[in-house]
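Per TrEMBL, acetyl-CoA binding site is recorded for 121-134, 157-166. Annotation comment: TrEMBL describes 313-322 as compositional bias 'Polar residues'. Residues or ranges marked as domain 'N-acetyltransferase' by TrEMBL: 1-187. TrEMBL lists 294-327 with the feature region 'Disordered'. For Gln57, the entry in TrEMBL reads site 'Crucial for catalytic activity'.
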Amino acid sequence: MEFRFDITKIFKENISRIGNSLLPNGFIASDRRCALDTTAYVAEIINTVGQASAAAQGLNHPVTTSDRLRNSDDQVIYLMTENNGRSGLVLGLLKIGRKSLYVFDQNGDTRHVNAPCVLDFYIHELRQRAGLGKVLFEYMLEQENFTPEELAIDRPSEKLLSFLRKHYGLSTKIPQMNNFVIFDGFFGSQKSARDLHRTSQTYVTTSPNSILFGPQYLNAENKRRQSHVRSNHDLPLGNNQINGRYGAPRPQCSLNQIIHNKETSVEAEPTRKLMNDTTADIIKSFVEQTDNLSVSEKNVQDTKQEVDEPSDLITSPISSSQHDVKFSDDRNLVDSFASDNYNYNESSFETFDTQHEGDHVDSNKFRYNKRQTGKKNVSSIVVGSDEKIEFNQISDDGFGVVKINRPFGVPASYRTHEHSYDNDSVHSRDSENTHTADGFFDLKFYSHPLW
Ligand SMILES: CC(=O)SCCNC(=O)CCNC(=O)[C@H](O)C(C)(C)COP(=O)(O)OP(=O)(O)OC[C@H]1O[C@@H](n2cnc3c(N)ncnc32)[C@H](O)[C@@H]1OP(=O)(O)O
């Protein structure tokens, strides 16, 4: 293979080792310009021979390019040249490099190895079967201090398999799931054993993953995790479990205990009770201080009694049988609540002011805030005995003014021939007309309980 430039000035030896500098080993450049020119020439040679190799193997894309070599840390090309008395000839190349591979051994166990690999091998068609391949291969083995059996071969051609069988007696392959071929003796050599990943150990054969995806590699980290999981399972289920990344003691889930109707043993319970006592006392003192008794003392007393009962802390007032469902659709009522200095966030529940004008709400109604119900866009909720939660949109929430048609206390399903009180669908104030001046319909907004 000839080139437009004199390669004998670049390659002084018949076989040259080229790394990612793209300069042959031992090459001395007279100046920086010379070095740059040389790398350009070498890049051209590598690309040309790489393409010839790909064509010889029937590949669509070359395995060997100058860019790949330049960007690689551990790949090396051995280039065979010949001085023909003119500009020289390139006869072939052999590319090797280390790869981190998961391979099966003779027992079908997976091993993680960082193995030296034959990545590309080519001798010009006019010079094949003349022993040049063996010369090049032998030189590489000597330089790298490798033995043939410790090499993994990347998708070898039939010619290369025949070559390896003839010259090195490598015929017994260890079946693999990937494109690499390894031979008997791959794991036997001292060096390949050294190259095995230090933490390579045994395999999980009983796990469903092993059945689906083959044997699994177990390294030290996985083993540590497995033993950690086992040791966690062995722990008795007490109140304090050592869990989580910091290994901090964590109380057992009180929600779980509530769901399964178990006695709660969470220490936070008395604290919560104390807080509720305090809250009730605050409400009581507030009521006493103000002349306008918006909350009767009896209600406060009732509130405190219920707080004193631990079961009431767990049982939501929703399931209580003593309260009725009512609607607080009245804007005045809501405004008055805001002005009555009720603490919406801190108390577990609040009593309604029964003295308000136009208020249809009976005494002992619980008011839930957004945090307690988990419902967004819900400004107020009244719950009672039939375990329903009704919610009322009482203010615009950033997408236009929402219009509520249903009067206070009327169920959504109630209709007369004059009125339809269905307020499930609401629309913006600007949507009164069916279309705008531009002829486009306005957007309609539909309220949904989950908003
Ligand atoms: C990981 C990879 O790189 S896979 C790709 C390997 N490369 C190729 O297939 C490209 C085309 N082939 C070649 O370039 C060369 O044939 C090589 C590199 C495989 C071998 O180089 P050669 O100089 O021919 O090897 P060498 O002369 O030392 O050994 C000859 C032996 O190689 C094998 N061999 C070489 N050419 C052929 C061939 N066309 N058909 C079958 N076996 C062949 C034979 O075992 C042969 O021994 P034999 O002549 O007694 O049958």
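Even glycines carry a Cβ here, placed using N, Cα and C.
Phe121 (acetyl-CoA binding site) sits 10 Å from Gln57 (site 'Crucial for catalytic activity'), taking the C-alpha atoms as the reference points.
With a cut-off of 6 Å between Cβ and the nearest atom of ligand 1, the recorded positions Gln57, Phe121, Gly133, Leu161, Leu164 reduce to Gln57, Phe121, Gly133.
The candidate set comprises the binding-site residues His124, Arg127. Of these, His124 has the most other Cβ atoms within 10 Å.
The Cα atom of Gln57 (site 'Crucial for catalytic activity') lies nearest to that of Glu158, taking the binding-site residues His124, Ala130, Gly133, Glu158, Leu161 as the candidates. Here the binding-site residues are Ala130, Leu161, Leu164; the one with the fewest Cβ atoms within 10 Å of its Cβ is Ala130. When Cβ atoms from all protein chains are considered, those within 10 Å of Phe121 (acetyl-CoA binding site) total 28, not counting its own.
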